[in-house]
Amino acid sequence: MTTESGTDSEAKQPQENKETEKAKAAAEPTSPQNQPEQLPAAAGHSTPARTEQERQEEDLVSHRSSTSRLSRSPLRGVKKVKIMQCKVTLLDGSDFTLNVEKRAKGQVLFDKICDHLNLLERDYFGITCRDVENQKNWLDPSKELKKQIRTGPWNFAFNVKFYPPDPSQLTEDITRYYLCLQLRDDVVSGRLPCSFATHTVLGSYTVQSELGDYDPEELGSDYISELRFAPNQTKELEEKVMELHKTYKGMTPAEAEMHFLENAKKLSMYGVDLHHAKDSEGVEIMLGVCSSGLLIYRDRLRINRFAWPKILKISYKRNNFYIKIRPGEFEQFESTIGFKLPNHRAAKRLWKVCVEHHTFFRLVSPDAPPKKFLSLGSKFRYSGRTQAQTRRASSQIIRPAPLFERSSSKRYNMSRSLDGAPIMENHETLMKDSAADGAAKVIAKGDIITTVTTEKKAEEEKAEQEDAQMDAVEMPEPMATTPLRQDTKTDSEQTDFAFDGEMTATESDADEDSEMRTQDTSPPEEMVKHQTNISELKRSFLETGDSAPGLTEWEKRLSSSPARSPRADEAPMIVPLEPQDTQDEKPAGEGTKEEVEPKVTEAAGYLVKYVVDSIATDLATSSGPHGISLSTTMDDDVFMDGTLREVDEKTPDSQEEVSERAEMKVSPGAVRQEVSQAISDKKGTLIILKEAEDKVDTEGKETSAADEEEAPVVPGEAEAGENEMLSKEKEYIKEDMSVVLEAKTTVVKTQSPTMEIKTDDMTQIKGSGSPKKAMASWISEGVKTDASEVIGVSTKQVKEMKTFDAMQQKAEIFTFVKEVQTEQSKSSLTQITVSESSSTSLSVSTLGWVSSSEKASAEPEERAVVATETEAAPVESTGPTSLDAVEVGTKEMPVVHTETKTITYESAEVDTNGDVDPGVLLSAQTITSETSSTTTTTHITKTVKGGISETRIEKRIVITGDTDIDHDQALAQAIKEAKEQHPDMSVTKVVVHKETEITPEDGED
Amino acid sequence: MAGLMVGFGHYTHAIVRGIPASLAKEALRSSQSEVDVVNARREHEAYVEVLGTRLGLEVVELPADESLPDCVFVEDAAVVCGDTALITRPGAESRRRETEAMKGALKDLNLNIVEMTDENATLDGGDVLFTGREFFVGLSKRTNQRGAEILADAFKDYAVSTVPVLEGLHLKSFCSMGGPGLIVIGSSEPAQKALKIMQQMSDHRYDKLTVPDDLAANCIYMNLPNKGHVLLHPTAEEFPESVKVFEKLKDHMLIPVSNMEKVKVDGALTCCSVLINKKGNI
């Protein structure tokens, strides 16, 4: 157990283990009667045994899971591990006993349970535990269990946390089955009220799914009374249920469950989490949290409803719970509504549930702002995936529909048991196949493994040192923290890689890539065949390997998947800020990547150069506090973009980095590093941007694009990197992922040296092993950069559009960043970047980096930096190694063509001062409004920096339609409106992003 | 196999009631006006004719009761949804006994009867708008919170949201359903305001059809086999402008139904029948 828990991710579990598991699982069904109780017992036994095996194997193999979402516990090296026994009540009412390390995080337990349940679409579920007041609380997966369980035995329950509004969109029957179990309990317990008629309908489907066809001989006449359908079950109800049941002959359990869900989902209280409260006048009410917002009930009556878009802010204080409501059409002011909860804990619980539901359901669209909206006032955040993400991820599931047992069924058990033997075989074969796949991976794993261990240590040490030295490390304030949070896990893992690679960024990348690659590269068909293995599946699912988009079995099986081509969720992991975007892009086939890559390369080249320049400039110009020149500060575009300014301060680091880079340049081998650094820098900026702004689209996309690219590129990359600049550049370009990783890595490295140098205030970068920190440091650096030097990086990304069929979609995004700076002179720097890419694939991601460095002496400068045009490039261009992948990608390329165009106008305001002080974030809010064709997202951030308050408003308008839009007019209109609305502010940046779908004829094939 | 909540607008039966002579003088009304009972009866016959003959519904016609001058407005006495019928407690004291005959008729149709026995509760069916997905209950002079609560209790599957009715007699005095997801709404300010509230309270999206006359917004929508979308709406004689709006509904079979007399005692089209779908019941 120890080991396992340490490793966390099930994904890591070696396939062999899986096999054993499967065998056991298979065995279970075989048993003549499967009583619910039996399951747990079996599980209990299997778990420990499994664990040990896993342990050993893990070391050898487990690494692929690197991508997995699980947070890696630092415990590895620790010898003493306290093991706790957990009892988890599953949805079928049975108890599952398992052991976890005492210090294990919630995620560990959760993943183990899901493994046990053979559940892949797990984001809808969660673990609850009862507190002292016997109230159910959701475990936070990112926190240690022991901190969440104050007293008593470690008893939990596995429950549905987010009820999918449309269960038919779930990918797997097994997921629906568990949802059904939850709903049955909701119904029987009365939490989900329904009419008599609905009880009969739901009951009849339950019977059908559990008992199969009506068969008087086998079932007898009273077969139904042992099942529960309603809180007050009457004979009449049972009779009606039977009546209906008779009519379902031939309906499979899965179909019956689908019918069950189709009815249940329409119930008004479906998925509504009720909380007792009182309104401001002391009237007893209920607050219901659901996918669409907050519902207010008085008795059974709905007396108000606040959809998420209507809510600006959610907060709690003591036992009060507040929501701030966006002013209505005719209202001028926001209003805050307060509710009294029974106690503080209840208020907090409600608040958390709101935060989580909002994040999960509302932040579906890639453009959605990162969690800021709810982030103030507590560190708590929903760290899982959003519904959109999980949908995309689950569309990647390619295992054959798993056979599972409906717990209390009799007839089905029988038949199941018969099936059992074959099942076993299947698994085995699958296993084998997967193993074959794994072969390539194994190597990578080996590397990884070693690396990991080392890394952690290194990280820890660094962390310690840094901590000792710098307290400030905490980083860039809320901004950084918030966005990063989500992906932390992933990051950490990546970080790990980076650390591993620490020595060499490339290496680490390579590892990553290899992993990625395995997933990505392996032909989809194979995937389908092989991935029966849970671990494999998980990997692919959780980690989001991008398997060929179109081909997944899932798609074949289900229409439910969102229109988009399936993409793995890796992006989220990689780029914490905007996971969604990444995903979106991912769908783009590898081919896309390749296409993009060449152009990207160019862009990269630019970047590099620019960076260098900037560096040089810095060096020359700057005479920083620490001997590093800080004085003349150029504002980075990034700056402009980011709200982050407040956060940043530390110039020195950046400079140092720069200097390092410069040095690096000299040696050929170094070049690569340079590039990587540069990239990393940029990325850092990018990250900043993302965080700062909700622009996410562009940036996030980039990142994602990078991810995609990286997979193929990586292997080659390592080699290439050693070779030549060009190759290096390409590599970088190609491998966005890798780049990111590298960036992190570099950051870490850089920082550590930097740290020493800087000593003081300026840069506090924690080199600490956590990716977040690294990110943060980057961010901070970027910020610093602002003050001291100007490295402008504007990143544009092409959004991938989902295209249904041959629809044309055009999206325009305008981002306005207005800053009011009371202070100094503003110099305007204008960057115009146009990147166009057209590629064939559902989603197209294009990366273009433009970096401009300037000395900003308060003079306005205009620059048209780079215009990059990308056109579909031959697939071949891709990096050396990933041929297989390429092929696959090509084959599967969807027919949809998308053209993307991004135009950015920026006027930068340069702070002459060079803000050294990090601002204090006062507030951040996001407002979203939607109409049928447009979505407007306004993000407002208020910060205080050096006594000056700054308000940034970012507005994003997405226009979707199938007609041509006059950009200029739309832009002019948007700017005009923005100016009118905020006469006292200035427009600093405008980004126009256009995506057009091209008619299929141009198929690249 | 059809689940619940499908087939909005599917009806098989209609319950109507005759017009007592007392309607002319004693029926409640918000404005002073003379009602010609003969004309009213002629109108009502035409109305029933449309339901029965033209649309093929099985019409249950209850006899008029002279002691209940408003008894023709059967809608207020019961709310039927699915196989459940809620016998209301009308807000007007003089109308309470109207429910007796209604209850009997609904029982005969084998519906599950739920009675509103709470003496603090009042509810007129005219305040209940069922959209197919949820209920909106107007809180009006005739309907109170408690009545709405009981309704919510009777139809547990559905969300029941309350809507203040600031002007007009009932919620449905200025709105009704014109199709699945289509709300016909008057253009007066109170009507529009009520619509806004409904939209805010709902998880579902509705289209709206705004008609110039509030009273014209009360229509009867049905979805009938072989006929598709059917909309009974006021005649052009009464509301020429509004009828132009209805005529834009190309997919609907539009049936103008005269209501010139009954409107004088605040009777609208929906008021005069209780529609039931027996086949859909399990």
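Backbone N, Cα and C atoms are what each Cβ position is placed from, and that goes for glycine too.
Residues annotated as substrate binding site in TrEMBL: B:Leu28, B:Asp70, B:Glu75, B:Asp76, B:Arg95, B:Arg142, B:Val265. Look at TrEMBL and you will find B:His170 tagged as active site, proton donor. The active site, nucleophile annotation in TrEMBL covers B:Cys271.
Comparing Cα positions, the residue listed as 'active site, proton donor' lies closest to B:Arg142 out of the recorded positions B:Glu75, B:Arg95, B:Arg142, B:Val265, B:Cys271. Within the group of recorded positions (B:Arg95, B:Arg142, B:His170), the Cβ with the highest number of other Cβ atoms inside 10 Å belongs to B:His170. Within 10 Å of the Cβ of B:Asp76 (substrate binding site) there are 29 other Cβ atoms, across all protein chains. For B:Cys271 (active site, nucleophile), the same-chain residues 6+ apart in sequence whose C-beta sits under 8 angstroms from its C-beta are B:Val72, B:Phe73, B:Val74, B:Glu75, B:Asp76, B:Gly126, B:Lys172, B:Asn218, B:Lys262. Local packing around the Cβ, expressed as the count of other Cβ atoms within 10 angstroms, is greatest for B:Val265 among the binding-site residues B:Leu28, B:Val265. Counting every protein chain shown, the Cβ of B:Asp70 (substrate binding site) has 27 other Cβ atoms within 10 Å. Apart from the site residues B:Leu28, B:Asp70, B:Glu75, B:Asp76, B:Arg95, B:Arg142, B:Val265, the chain places the Cβ of B:Ala27, B:Phe73, B:Pro90, B:Ala92, B:Glu98, B:Asp124, B:Gly126, B:Asp266, B:Gly267, B:Cys271 no farther than 8 Å from the centroid of the site's Cβ atoms, the recorded substrate location.
Taken over all pairs of the listed substrate-binding residues (B:Leu28, B:Asp70, B:Glu75, B:Asp76, B:Arg95, B:Arg142, B:Val265), the Cα spread reaches a maximum of 15 Å, rounded to the nearest whole number. In the structure as shown, the Cβ atom of B:Glu75 (substrate binding site) sits within 10 Å of 28 other Cβ atoms.
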